[in-house]
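Here's the structure we're looking at; comments come further down.
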Amino acid sequence: LTGVLDDCLCDIESIDDFNTFKIFPKIQKLQERDYFRYYKVNLKRPCPFWADDGHCSIKDCHVEPCPESKIPVGIKAGSSNKYSKAANNSKELEDCEQANKLGAVNSTLSNQSKEAFIDWARYDDSQDHFCELDDERSPDAQYVDLLLNPERYTGYKGPSAWRVWNSIYEENCFKPRSVYRPLNPLAPSRGGDDGESFYTWLEGLCLEKRVFYKLISGLHASINLHLCANYLLEETWGKPRWGPNVKEFTRRFDPAETKGEGPRRLKNLYFLYLIELRALSKVAPYFERAVVDLYTGNGHEDAESKALLLDIFRDTKSFHMHFDEKSMFAGDKKGAKSLKEEFRLHFKNISRIMDCVGCDKCRLWGKLQTQGLGTALKILFSEKEIQSLPENSPSKGFQLTRQEIVALVNAFGRLSTSIKELQNFKVLLQQPR
């Protein structure tokens, strides 16, 4: 992969260098901090589009829920605000940890974390939210420690996984049914077409709709890369060994194996990286204000987290080949407004499709990365509101919830990791096998 990306003036080598030497080490550190490692998610929402075909029974997908007494009171959104000593029972905590099998979503938290969440809940309640996130107050929503639940290959595949991606592409990417995506197993045999008719159609779209497709394709490529890079290589005596699977990577991305489609998908990953990088540089003024605190209740930790975040913002601003979002929605006002609303509704629909993912761990990371991209788009479409933020008071015009901030940083962290893993696969592919 080399050269300039389509629809922008940036080349792949510049992104590789910038990510490897500036962004990746810092974003890794930031994701380890308490403010960014806990994400609240509802993994029990029913699929709104088709009858649920049952959850994946593979143990690496499985979630062993903790007993009610284990879930910190601060997490029980709105039901109780008193700290319960019953939740301190260490025997129950051990049972709960024991119940979390390999790869399960581990929702157990230390007592110190529980205290912090009560404060976080109060702090979030006091904010003037820009938008109400759909189900944070649901009794089914729980905090998950992202560090204990890394995104990796779980074995979830086949018709259920395919149906999710097919629904995303076929119904939400502005695509007519008569145009088939390359490598689509449902497409009729078309001789030597190899997807050229699809790309002819794509090039004929307006920039905004083309960008939308590239963002989804880039997200799909990034998720596939994570699965190849963190693959269950062997399990001996109950001890799993995870690592990069070159064969799986080749199957998904090699030009010969994918009829040239793999590199195109990887280019879309770089394009998505640029979009989220641009959003981070644009939202910096929101966080640079003294009134914005990455609040966990630990003053020293909060100050360090904010300093690290601002350092990353300085790096994003120093990047000299940003995507120019002003080229989007630049036509007549009425048409641009209608297109933007269509863009927003399509994306909202994709976030709802994530509730149809049958593997809980895949669902967790799918929801987080979709919300992160949604937050990035919200930022790019709110430039005027961000520029007119008051210095010393919360804004009524533009607001980010803690959920959106956590999703934004972790979703970009996933893209940064994808590009780093891609470098690693390049090295591994050059080694004699």
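Going from the start of the chain as shown, residues are counted 1 onward.
Each residue, glycine too, has its Cβ placed from N, Cα and C.
Feature annotation from TrEMBL assigns active site, nucleophile to CYS359. CYS359 (active site, nucleophile): 24 other CB atoms within 10 A of its CB, across all protein chains.
Under the heading active site, TrEMBL lists CYS362.
Marked as FAD binding site by TrEMBL: ARG152, THR154, TRP165, SER217, HIS220, ARG252. Of all Cβ atoms in the protein chains displayed, 20 besides its own lie within 10 Å of the Cβ of ARG152 (FAD binding site).
According to TrEMBL, the feature disulfide bond maps to CYS56-CYS61 (among others).
According to TrEMBL, the feature disulfide bond maps to CYS359-CYS362 (among others).
Pairwise Cα distances among ARG152, THR154, TRP165, SER217, HIS220, ARG252, which the record gives as the binders of FAD, peak at 21 Å. Across the structure, ARG152 (FAD binding site) and CYS362 (active site) place their CA atoms 8 angstrom apart. Looking only at Cα atoms, CYS359 (active site, nucleophile) sits nearest to THR154 among the binding-site residues THR154, TRP165, SER217, HIS220, ARG252.
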